[in-house]
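So the structure is just underneath, and the comments pick up after that.
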Amino acid sequence: MFPCPACQGDVDLGERGLAGLFRNLTLERVVERYRQSVSVGGAILCQLCKPPPLEATKGCTECRATFCNECFKLFHPWGTQKAQHEPTLPTLSFRPKGLMCPDHKEEVTHYCKTCQRLVCQLCRVRRTHGGHKITPVLSAYQALKDKLTKSLTYILGNQDMVQTQICELEETVRHTEVSGQQAKEEVSQLVRGLGAVLEEKRASLLQAIEECQQERLARLGAQIQEHRSLLDGSGLVGYAQEVLKETDQPCFVQAAKQLHNRIARATEALQTFRPAASSSFRHCQLDVGREMKLLTELNFLRVPEAPVIDTQRTFAYDQIFLCWRLPPHSPPAWHYTIEFRRTDVPAQPGPTRWQRREEVRGTSALLENPDTGSVYVLRVRGCNKAGYGEYSEDVHLHTPPAPVLHFFLDGRWGTSRERLAISKDQRAVRSVPGLPLLLAAERLLTGCHLSVDVVLGDVAVTQGRSYWACAVDPASYLVKVGVGLESKLQESFQGAPDVVSPRYDPDSGHDSGAEDATVEASPPFAFLTIGMGKILLGSGASSNAGLTGRDGPAAGCTVPLPPRLGICLDYERGRVSFLDAVSFRGLLECPLDCSGPVCPAFCFIGGGAVQLQEPVGTKPERKVTIGGFAKLD
């Protein structure tokens, strides 16, 4: 076992131990150059001179000896094989010209990317590297050298950033020392007030703070040392510069593969810089209001855990209503911070910018005046004496595609008012089935007539875009939700046509052909048909028959009824869109005649109920709006 110099973890060297490892010839060269630059150990003497020996000026790797000029010429005569020996700088440790495979004692020629190891020709053909990706050492040399040069160039080109971060770390160390001392004094004062019973606990708390402070200082100190090693000519950068001087390709690959990892980590740490520890010790505050029986469990306060946003109660309408709760075993929060931003706007350079609401009391909040047709992302975090906790998970909310139209149900307008029960706040209506429906249920095989019950909103729209939402009772027999021209709706009140049974032929010849004459014009009504928890999407849903019920399901299909339906009216374009008010998924889009004031309308055939969505903010005054002018009732 061998301790790793980086992490101090145990490394299994195998049965051969150090003999199974490559010699780090590049490091030997670096050490040799360093020794020569600082003259460590004095001058190197010639090993072949007669006493007294002269100072060596050359070395020979083949002869493994150092020579002065005369001895080198004497032992390397011209015309012999020794004359081909290449002289080197004098040294006391001789190394081979190239790296040799520890297994086969042959010069390495390839690099195994899978094993990240230099291999010789014999290693390449053995089963050990079967199927591995092996490249020539020249390719590995060039690729690794390019990566190392690029990373080193970035570090050397950002020395000001390195120095700035070192100064910031040193300032953090000073703040850590000051904050730690203040925290210890506060803890000491509180614990001393508890008397002799708390003396033992005081020592343990101080020890905890001391350990936390020392741990932070150690991490900050280590981070400072790491950054100082990135300065030009020192530490890791200096070593990398020396390694780049290596010309022996296998030796360079062996030394640079691990060096590049360290340089890459240093580059990443430089790009994503942040202090290794915080200087704040607010988490060391003590709560002295606990009962005496809990003194043995006394500990530092914890920040609140990440809140959980209640997605069932959180929604966007005229405003955004956000509701959340803390996990069951979370420390309490004194107040909360809400952050939100739009996700459908072009990203700006730099960090993401959030809008913030500080010191929110309670577990719900209103965000006023959101942009229409947008997507907001929201998050919450709590705060107490120990500081801020973690953020909740992000929640995305779609806002309505148009400004919300506030209105009430007008009980004075409509047909068959004796069967319509409107709530006191005039935001809900229920249709009670009458005698005709009971007779229809009894006489299934005969023609029968069912009355259409209609109720309108007390607001008419003559311009712009408007949106409103409602919930339809899934148990409703047949309900139509939509809009229509105010004049046409009022005409229908004088005598609403009956809805015929399936056995009655609607085209019996009594109509005069007026429908054919206006087939190209936009219909005055646009309704969505709902029945028994389903929505009918048919070609006739936006026709004049939408009020009379003549839009048969022959050409349509059904989809499940969502919890809330949204209606978006574009008056200028003469279009009405029906949406799922929860996901804002489009269900149907219809043309509409907008030649006059347009009113929300609700039709019932048989039993049914509709509830208008409540405004999130303060309930508005009851008013009638036509053409942008408001008149109070």
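Quick reminder: no glycine exception, Cβ is built from N, Cα and C everywhere.
Copied over from TrEMBL, here are the features:
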| type | residues | note |
| --- | --- | --- |
| COMPBIAS | 504-513 | compositional bias 'Basic and acidic residues' |
| DOMAIN | 96-137 | domain 'B box-type' |
| DOMAIN | 244-301 | domain 'COS' |
| DOMAIN | 303-402 | domain 'Fibronectin type-III' |
| DOMAIN | 387-621 | domain 'B30.2/SPRY' |
| REGION | 494-518 | region 'Disordered' |
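Per-class residue totals from DSSP over the domain 'COS' (244-301), listed helix then strand then coil: 33 helix, 0 strand, 25 coil. Confidence for the domain 'COS' (244-301), expressed as mean pLDDT, is 77. For the domain 'B box-type' (96-137), the DSSP counts in helix, strand and coil order read 9 helix, 11 strand, 22 coil.
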